[in-house]
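I have placed the structure first, in the form of structure tokens, so that the comments after it can refer back to it.
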Amino acid sequence: MKLLDARKDHYRKLAHEQGFRSRAAYKLKELNQSYRIIGPGFYVLDLGCAPGGWTQMAIKLAGNQGKVMGIDLSYVEEIPGAEILRGDIEDENVVDDVMNYFERKVNAVICDLSPKVSGNWSVDHAKQISLNYDCTKIMDKVLAHKGNAVFKVFDGEYSMEFRDYVKKKFARINLTKPKASRKQSSELYYVCLGFIG
């Protein structure tokens, strides 16, 4: 078995053993260990949350005093400790639902979303970046001053343009790829710290 396959299986097995819905939960855990995106008591919004691995990890990281909401267009099975909303992030009206639930601005916005992939790389990349722009429109209205955000990005033609756009909104931005990501995957994560609006 190749080392890569072994690693992939390791995270999948770990997720199964520890009750997480996807291996992606470990990406957030690793990112949080490096950058402390989510702390105890944080209010966290997970955009594009299906199947729920990041939402589950966010609950764990935010603890009992925290509050977590996940939003996705797809049906997501209920997650104890989180509010799940079936909604479209391309519809800015979801902001009202977010604010009604949290009753104040959130400390972190996390986005690990992917479009339904077509197999045409340039189309999928453009759509994924477009969804991230939609996330920033929501983020601008719900993220507290000095809050944090994470965006998964399919690396490609529009990645740097998106990075430059987001960079203006935060004190610091880091580009990283967690070990739990597949090595051959084009996904990167923009970790954005200290929201300045």
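Quick reminder: no glycine exception, Cβ is built from N, Cα and C everywhere.
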Going by the S-adenosyl-L-methionine site in Swiss-Prot, where Gly52, Trp54, Asp72, Asp88 are listed, which of the candidates Asp96, Asp97, Asp112 is also part of it? Asp112
Inter-residue Cα distance where the pair is Lys152 (active site, proton acceptor) and Trp54 (S-adenosyl-L-methionine binding site), in Å: 12
Looking at the binding-site residues Asp72, Asp88, Asp112, which one has the fewest other Cβ atoms within 10 Å of its own Cβ? Asp88
Enter the number of other CB atoms within 10 angstroms of the CB of Gly52 (S-adenosyl-L-methionine binding site). 24
